[in-house]
Amino acid sequence: MDGGNHSEVPEFVLLELTSSWEIQILLFLFFTTFYVASMLGNLLIVLTIISDRHLHSPMYFLLANLSFIDTGVSSIATPKMIYDLFRKHRAISLKGCITQMFFIHTVGGTEMVLLTVMAYDRYVVICKPLHYLTSMSLRTCTSLLAVAWTIGLFHSVVQLAFVVNLPFCGNNKMDSFCCDFPRFIKLASADTYRLEFLVAANSGFISTGTFFILIVSYVFILVTVS
Ligand SMILES: *[C@@H]1O[C@H](CO)[C@@H](O)[C@H](O)[C@H]1NC(C)=O
């Protein structure tokens with residue numbers, strides 16, 4: 001339709017983890033075991049918290065949401081990676097690749113913010129116990145969750161907006177078992193120096209930002225209890 005001067009690469013070829021048959025079996029068992037264990041463990045936490053009325057408090061609701069998000073995090077790239085172990089042609093379409101990147105960053109960004117929300121919850125209960133019931137109601141908890149999802153979505157969409165129209169032709173060998181921005185950008189046939197910087201700065205900002213807030217909240221808690 002657009003008849004432009006760049007033809008799109010219809011699919012990307014993902015990295016082969018190993019060509020040895022024995023190691024493939026070993027990796028298959030290893031990844032499957034951990035994937036199933038993580039899904040079952042997280043679902044058990046969510047079901048326990050939802051079904052037990054004693055656990056209907058902000059802290060446990062946040063924990064249930066964290067476990068729920070964790071099932072999502074594990075399910076974005078792992079099942080395909082396990083499936084790909086035994087395939088000769090490990091391909092992923094451009095749309096599939098963009099979908100993977102979208103979900104990895106939305107869910108990953110949300111999880112990081114959720115961790116700081118959980119830290120805030122513990123900070124209030126330990127350092128400002130008299131304010132806890134008023135400042136950490138179920139409604140506040142739900143609003144904070146909404147904020148976490150909004151930041152995660154924003155973090156992901158901002159990066160996607162810059163890479164979604166990149167031209168691809170020729171090189172389609174992804175140096176990884178799943179799609180992520182840095183490697184995706186490297187394959188584009190355009191000058192991507194600024195874009196790489198932008199993506200690294202974006203992910204770096206959200207990771208170091210949440211890490212810093214977590215550390216500060218722990219310092220406050222340690223100072224209070226000691
Ligand atoms: C997430 O937290 C809210 C409360 O803010 C709760 O109603 C909801 O059930 C939780 N979601 C999950 C999957 O646990």
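The backbone N, Cα and C atoms fix where each Cβ goes, and this holds for glycine too.
TrEMBL annotations:
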type     : residues : note
DOMAIN   : 41-226   : domain 'G-protein coupled receptors family 1 profile'
TRANSMEM : 23-47    : transmembrane segment
TRANSMEM : 59-78    : transmembrane segment
TRANSMEM : 98-120   : transmembrane segment
TRANSMEM : 141-164  : transmembrane segment
TRANSMEM : 204-225  : transmembrane segment
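Beyond the ends of the transmembrane segment (204-225), by six or more residues, the same chain brings 109, 112-113, 115-116, 119-120, 122-123, 126-127, 151, 155 to within a C-beta distance below 8 angstroms of the stretch. Looking only at the domain 'G-protein coupled receptors family 1 profile' (41-226), the predicted model's pLDDT averages out at 91.
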